[in-house]
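Structure record follows, encoded as structure tokens.
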Amino acid sequence: SALCNGRTKPKEQLFWWHKCQFNLVHGANTAQMMHSDGHSDARITLLPLVQNHIILKVGKDLLYHQLIPQISSLAWFTTVVPLVLVLAVSGVKDAIDDFVRFVLLSCTLDFAHHSSAQSLKLKDEKWMNIQVGDIIKLENNNFVTADLLLLSSSEPHRPDTKLMQNSGRTTFKRTSIDRLMNVLVLMIFAFLALMCLILAIGNGIWESDKGYNFQVYLPWAEDVTSAPFSAFLMFWSYVIILNTVVPISLYVSVEIIRLGNSFYIDWDRKMYYPLNDTPAQARTTTLNEELGQIKYIFSDKTGTLTQNIMCFNKCSINGKSYGMLPIALILWVSRLSLIATNKRTNKNNSISLVQKQGGSHTTFFSCMAGNLVYQAQSPDEGALVTAARNFGFVFRARTPETITVVEMGETKIYKLLAILDFNNVRKRMSVIVRSPEGDLTLYCKGADTILYELLHPSCESLKEETTEHLNEFAGEGLRTLVVAYKNLDEEYFQDWIKRHHEASTALEGREDKLSEIYEEIEKDLMLLGATAIEDKLQDGVPQTIETLAKASIKIWVLTGDKQETAMNIGYSCNLLYDDMADVFVIEGSTSEDVLNELRNARKKMKPDSFLDSDEINIQTEKSSKTPKVLPDEQANGVYGLVINGHSLAYALEGNLELELVRTACMCKVVICCRVTPLQKVQVLITPNIQPDVTNNLFVAAAHIGVGISGQEGMQAVLSSDFSFAQFRYLQRLLLVHGRWSYIRMCKFLKYFFYKNFAFTLVHFWYGFFSGFSAQTVYDQWFITLYNLMYTSLPVLGMSLFDQDVDDRWSLLFPQLYVPGQQNLYFNKTVFIKCMLQGIYSSLILFFIPYGAMYNTMRSDGKAIADYQSFALMAQTCLLIVVSVQIGLDTSYWTVVNQFFIWGSLSVYFAITFTMYSDGMYLILTASFPFVGKQLSKPVLLKIKEAKKRPPPPSPKRRLRRTSTRRSGYAFSHQHGFGALIMSGRNMRPKSPFATTGTFSPNSEKYKHKGL
């Protein structure tokens, strides 16, 4: 078998469902839905399939058990009706999801240019009509909704595109409440088994002590031969009765609540951005309550905090800074510097810099409405090429081998000989071109920290001047880039290009060989200068960050900008401020330096963290492995941390990772500058970090990914879980929708477990008074409708509409968000309290009605303590109690809440009066579970079996006269029976069954005994 990453390649299985083909890979977290025509239009996750499988499995097992008469205590409909309704609701929810997705796709993904396999004529067609074999032409900003095979591209280096670089495996994300619920469900199943075991043991003891000697009245079933076997059967009978402690509607109710809260995000007009007609979108329905528990926000800078609208602002050429005048005069001054400068060297360098901007890029152009529109891999390249055009160097055309540039009105064609690609390690890009005059030149652009190490020694003085300019540019928050060049010898280049071709076609170690070739030629570069690009902050970013900081949310910014630029942006958006106790800067060049800087920072923030009694130190000493989750550590003040990419590379190593986490997590703000995309993902998977806002793979790797649909944010949006147009909407997403969703889900779970414990444990207490015979307390239809009709709508109403405070107060007091971070509203302790409250309520709900009806009689002397009356009283009290509890738990009353609560009670009483009416009894006599006095279903079955035997002849009874004042003895005219009685001939045997072998409760002896 083929190996994939050191593991056996997973086996694929295909199956069809509703005319759709699914391709499931074992071990994968997601599966892709394929239409019968072969194109893909959606993604499904395996977890809903597994949950539905579990629901079906449990429901089927319970139904099978209920069909076994030896252990069945409930009718089949008590399981079938809830199961059918649960699956129906789940299907409706999935249908709504699919319909909404279909509408969005229909609105967004409208037409595709395609040609059929028979005729190569392009025409517009809807995606739904695309067939296998069609050839599709994709243009810029087109969405891809099918699996396509790339035949041709205008980009010669297709793997360098963002789509290819950001493609990765999708993982299914789960909330902390989901993980807790899985643990709690296992605990509940263990508790269920314990209850059934106790009752089964009780049944075995009761049958051996009393039931064995009482078989005349309650004979054992035919297959039951001993008390232990009876206990075994009763164990499974109680499993059927008590399984409502974990109802199958739990997960479906959770999904409905999440779906409703997702709609609130989509419908929120305060998160709608009218300038580009972009509403907020909840692209997943499984992470809503997790938004109310965020501790860390990881944010990219470009396009997230900033507008991602790049504008060429300043530059440094040959040690001279340009751009100090207002922006309107920059172009005019720059043109003069290029045309009328007195220094030949400065003129050559100026032209070379702009030539570099016009030719060293991976930009394409298109003509829209008669204007040139550049399509660049990054906005920085677009800004540089646009600036070169404004300076008189217009990029006009490009082929895989040539670049056409109009230089000051003169058209020149440069031959593109090689592209030395950018990657996360190199942090630079180079091109080798041949000018029309035949000169060979290598142009290189990249970060100053990288290019400075590759410069010729003669550039030392120029480097110092350029560094001063770079620091000025970075201090203003501008994005900087250094540009250099190198003239190449023809003979050397021909030899190098051959070795480059060999390296690029190598079957083994290709990347390493290419890196060596690149390093060889990118040496002794001549410094041209530097560029500075402005990217303004979005509106409301400082206020949003300040609000989130008050909510005890720690913010990490990961950017590729210079340290000075990143710190300046940090101060401008209130990430860093002067009132901080200190801002630590980690810039060590060795592993030891980084370790010392991190430890010095931690020692200042929390000196006690170095003591042997520290909890983390104890954990580390006990185990050689680093703990996966570290406890929160509180610093003695407010601190910030700035670390560059070079130092971060050391800090992410195994022996320094724990030190980085401990130090950084105590800081209020962390800024990582000059980091690569790979380092961003590495930071995300560092222990004890819960990320939020990210980009592309950064988004996909986060627990919750939030995409900003800005200038180039569509790829991030497609990878995200939630999206909106502006960063300032994040505070509303977390502090309002996230907090509401978390509180609602916690209230739902607490009430849901409480009402089911109170409902189910009444059966448990009743078992001690019914000989552990698996007799139910409630009417079977009440058992069927309790979770589906009587209590489902009130709790859903609370879970969809409840608010402790409105949105204005949630934003004015961000501290209200803290309980969610600390997981205070629902945890194992809260679950235990709900469980104890349910047990206490069940005790009250059983023993109060039992005591109230014990040995009670009506005014006419007849007993009213029958089983039917007791069951009706118990279930009515239960429903009233849980309805009062839901009212006490509700903080925000609406018409819907009132209607659900009072409507559920009204439906219960209507059904109860109908079910127990004389007319219903006459229509469905066989369906009535109650006949006469206190007779449970097991007892009824035993009596029915006894009735099959011939009854003994009943002794004749004389008609009794009506009562009168005169004595009946005085009117007796017959001879007395004294002699007969004294002879003893009329006496029966001591055993009432010695002659007949049967027992009749209608005999004269036993008829009046109970009266």
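For all residues, glycine too, the Cβ spot is worked out from N, Cα and C.
Keep in mind that TrEMBL annotations are predicted by a computer and have not been checked by a curator.
What TrEMBL says about this one:
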type	residues	note
TRANSMEM	74-92	transmembrane segment
TRANSMEM	183-206	transmembrane segment
TRANSMEM	226-252	transmembrane segment
BINDING	ASP300, THR302	Mg(2+) binding site
BINDING	ASP300, LYS301, THR302, GLU381, PHE422, LYS445, ARG479, THR559, GLY560, ASP561, ARG674, LYS680, ASN695	ATP binding site
ACT_SITE	ASP300	active site, 4-aspartylphosphate intermediate
DOMAIN	717-918	domain 'P-type ATPase C-terminal'
TRANSMEM	751-769	transmembrane segment
TRANSMEM	781-801	transmembrane segment
TRANSMEM	830-850	transmembrane segment
TRANSMEM	870-888	transmembrane segment
TRANSMEM	900-924	transmembrane segment
REGION	946-967	region 'Disordered'
COMPBIAS	946-964	compositional bias 'Basic residues'
REGION	992-1011	region 'Disordered'
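The structure, with features from TrEMBL marked on it.
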residue : record              : Cβ neighbours (10 Å)
ASP300  : Mg(2+) binding site : 24
THR302  : Mg(2+) binding site : 21
PHE422  : ATP binding site    : 17
ARG479  : ATP binding site    : 25
GLY560  : ATP binding site    : 22
ARG674  : ATP binding site    : 24
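In space, GLY560 is the closest of the binding-site residues PHE422, ARG479, GLY560, ARG674 to ASP300 (Mg(2+) binding site), judged by Cα positions.
Across the domain 'P-type ATPase C-terminal' (717-918), the prediction's mean pLDDT works out to 90. Among the recorded stretches 183-206, 830-850, 870-888, the one sharing the largest number of Cβ pairs closer than 8 Å with the transmembrane segment (781-801) is 870-888. Taking only the Cα positions, the spacing between ARG479 (ATP binding site) and THR302 (Mg(2+) binding site) is 10 angstrom. Simply put, out of 226-252, 751-769, 870-888, 751-769 has the most Cβ pairs sitting under 8 Å from the transmembrane segment (830-850).
Of the ranges 183-206, 226-252, 870-888, the one with the most Cβ pairs under 8 Å to the transmembrane segment (751-769) is 226-252.
By the Cβ criterion (distance under 8 Å, sequence gap of 6 or more), the transmembrane segment (226-252) is not counted as touching the transmembrane segment (870-888), fewer than 3 such pairs being found.
Between GLY560 (ATP binding site) and THR302 (Mg(2+) binding site), the C-alpha separation comes to 9 Å.
Cα-Cα distance from PHE422 (ATP binding site) to THR302 (Mg(2+) binding site): 19 Å (rounded to the nearest whole number). Cα of THR302 (Mg(2+) binding site) to Cα of ARG674 (ATP binding site): a span of 13 Å.
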